[in-house]
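According to TrEMBL, the features are:
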- 1-25: signal peptide (SIGNAL)
- HIS172: active site (ACT_SITE)
- CYS214: active site, nucleophile (ACT_SITE)
- 375-471: domain 'Legumain prodomain' (DOMAIN)
Amino acid sequence: MICSGHGAFIVLLALSCLIVPITYASKLPSEVLDFIHGDTTKNAGCNTNLGGKRWAVLVAGSKHYDNYRHQADVCHAYQILKKGGLKDENIIVFMYDDIAFNDNNPRPGVIINKPNGGDVYAGVPKDYTKEHVNAKNFYAVILGNKSALTGGSGKVVNSGPNDHIFIYYTDHGGAGVLAMPTGEYIYAKDLNNVLKKKHAAKSYKSMVFYLEACESGSIFEGLLPNNLNIYATTASNVSEDSYAAYCPEDSKAVEEYDTCLGDLYSISWLEDSDKHDLRQETLQKQYEVVQRRTVAGISDRSSHVMQYGNKKQSNECLYNYMGTNPANDNYTFVENPSSPSTLRVVNQRDANLLHFWHKYHKAPAGSHEKLKAQKELNDEISLRKHVDYSINHIGELLFGNGNSSKVLETVRPSGQPIVDDWNCFKMLVSTYEKYCGSLSKYGTQHMRAIANMCNAGVTMKQMIAASTQTCFKIPPTY
């Protein structure tokens, strides 16, 4: 949600409402002390004789410069895997590839993932770019189904029963969905069915899935069994937002970019992997490090990293999936206890608003750039107002003024997926978008409301009637 206010620019000028500092305590937690001194139960050395191949699928599910951070996260992940010894033939990358040479990029041809960071773009294979970054290709790659691909390099996870698979996705999401830059949403039920099909084919020994998105816990909650040899962690639980990091206002080194360079959950595991001998660090240990860094801060501006699937796999070493950089051999992690750090974070759904504001603020008065930036701001604010109003009004038409909020905002008990009838969910989402326009990345926060309409028995006929009555004019999208 954006910060409240009576005018569009009042919202934007109140940047302190968007950018929130997270301060990390100077006293070392017990987990860090365990890591320094050695916790033999969780950090035992790995068996380096895997007997199979490592595979990785890396997905940045967005486009446009204001989403710079997602492609930066994925490029950084590639560099870690490459240094860890994975071959390009076993690393499959999905990225729209519109950032490195974007006119807004102050360092053309270079992508960084932290202030003053090194280039993470160099050498990254462009397997699936532009319109080929879509849900159908993602599923086909996981399943090793070349015949189902449309475009791209043709690389798929052609894995065998002794192989280890690592999947990393970063982008926007909502309850039960993940976004893609083109085509349909990734629906949680469909993704979990793909994972079950991969398991049924006996084409891997174990799999790890790292997921960065708002409400990302909803992708696996009540859907991912614990008997598929799949271990997953998510940036947030079923109802929380996730957060962008290294944003403008954080440091002078970021200001020239006008956009956030990374995501908090993602940079936490990426920077942890950069430093350590991954033969000595377990998935559980990294989970704890990432969890501690991600949850730090005030309660309404932090998220809880979650674990799903076969949690026993968390005792395995990261080496099994990422390899390890020889430069980190026998590295021991030490954090300076006298130097607390502060990191400013921005709600993922507000990061583009911050980007547009910076473009507007920096453009010369009266210039074409100023007018263009102002239009982008106004269009984004209009879209947000339209989406918020239309979902709320549809809810009132369906359930009445008194009951609407209670129905739309219901969070189901732990262990249950967000919806029972996934076909209904898809149908109502597509119906809304047909008559009211795209929900947009911002509007994915209303996916839970639409799922709850299904849970309350709303039919497509009722949704069509409420949508057509509500939506007369659809604001532009970019």
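Cβ atoms are placed via backbone N, Cα and C, with glycine included.
Sequence-distant contacts of the residue listed as 'active site', defined by Cβ-Cβ distance under 8 angstroms and a gap of at least six in the same chain, are GLY61, SER62, ASN67, LEU178, ALA179, ALA213, CYS214, GLN348, ARG349, LYS441, THR444. Summarised as a single figure, the pLDDT of the domain 'Legumain prodomain' (375-471) averages 96. All protein chains shown were included, and the count of other CB atoms within 10 Å of the CB of CYS214 (active site, nucleophile) stands at 27. Counted with DSSP, the domain 'Legumain prodomain' (375-471) comes out as 72 helix, 0 strand, 25 coil.
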